[in-house]
Structures are given as structure tokens and as C-alpha cells.
Amino acid sequence: MKRNVLLLPLLIFLLIAAALLWQLARNAQGDDPTNLESALTGKPVPAFRLESLETPGQYYQAEVLTQGKPVLLNVWATWCPTCRAEHQYLNRLAAQGIRVVGLNYKDDRAKAVAWLKELGNPYALSLSDSDGMLGLDLGVYGAPETFLIDGRGIIRYRHAGDLNARVWESELKPLWDRYSREAAQ
């Protein structure tokens, strides 16, 4: 009896270790947790009322994302090192006429405004989600994340991680072109 009690912690440890190794092997084979599809894909952007990041007291609602043309909703924060890495590419997309709306997520307003002044502002509009409620409604679990929203306000794609040239060309641009054509008809 005493021996069985002593073996129980070892057995539990071995089971946990096996489960961890199994998950690591899955990730190595391409089961990337950042590729999880959003539960909101194919559904309208959740209703919201958020303050402008740069103009305190000015509020926007979800309709700002439903202006007949596609838009990228980029979730970012100054505390996010990957957001800094993707920022230059977002500036390039904006310079090409891609409409990007920024959602500053759980961040300090003054730091965020200073960040945009320092690194450039790719956002046609910057919204402040200081309490993270819209992020929660969108299923955001970190920053950066980027959502492609069609001209009717339907979420068509979610990308977790930095938006770079490879991701844009292979994943987002084909969808952007498709929904841009649909909006033009």
C-alpha cells in the first residue's frame, strides 16, 4: 500500500510530461496555435462604443468599420514588442491605400500617442480599448492580431501575430482583393 502511494506522484508526473511532449510534437508538425480561426469569422463585428485614441471625448461605434470597403482592424499596444516589429509594414500598407484601423489594446493612452508620433501613424482611425472589452468580444488573446473586415462589417479573417510581407501576400492580400472587388460592384 505504501509503495503504491509513493508511485502515484511519479505516475502523475509521467502523464503530464507525456502530454507536454505530445503537444510539442504537434506544434513542431505545423499545429500552430496562432492559426486558430476566430469564432467570429463570417459574423458581424461586435457592437462597440470606443473613444478615439488621439481625440479624447470623440466616440465611435461599429458602423465606422462598415463603410462599404474592406478594412484591416489591427490590435496593438506599446507593451507588445511584436507590434513594434510589424509597425513599419503597416505604414507601408497604409501608404499603398490599404485602410487600417488601429485598436490600441489595454494600453496607456499617452504612451500610445507618443508611439504613433515616433514611429508614424498607419491608422486611418485609432480607437482606444483601454479596458480590453472589444478585444474580449473579438476573442483577442494577445497583440498583435489583425482582422480583415469586409465592407458590410463582416469579419472575414483573423491573423494572430505580426503582419508582414509574407503574411500579407499569402493570406490577407488575396482576401483583400476579393472583398475590394465585391465592394466595387
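Just so you know, glycine gets a Cβ as well, placed from its N, Cα and C.
According to Swiss-Prot, the disulfide bond annotation covers CYS80-CYS83. Annotated domain 'Thioredoxin' per Swiss-Prot: 39-177, in sequence order, evidence recorded as sequence analysis. Residues or ranges marked as topological domain 'Cytoplasmic' by Swiss-Prot on the basis of sequence analysis: 1-4. Per Swiss-Prot, topological domain 'Periplasmic' is recorded for 26-185, and the stated evidence type is sequence analysis. Annotation comment: Swiss-Prot describes 5-25 as transmembrane segment.
Least crowded of the disulfide-bonded residues (CYS80, CYS83), judged by neighbouring Cβ atoms within 10 Å of its own Cβ: CYS80.
Reduced to three states, the DSSP call for CYS80 (disulfide bond) is coil.
Secondary structure of the domain 'Thioredoxin' (39-177) per DSSP (helix as H, G, I; strand as E, B; remaining residues coil): 49 helix, 37 strand, 53 coil.
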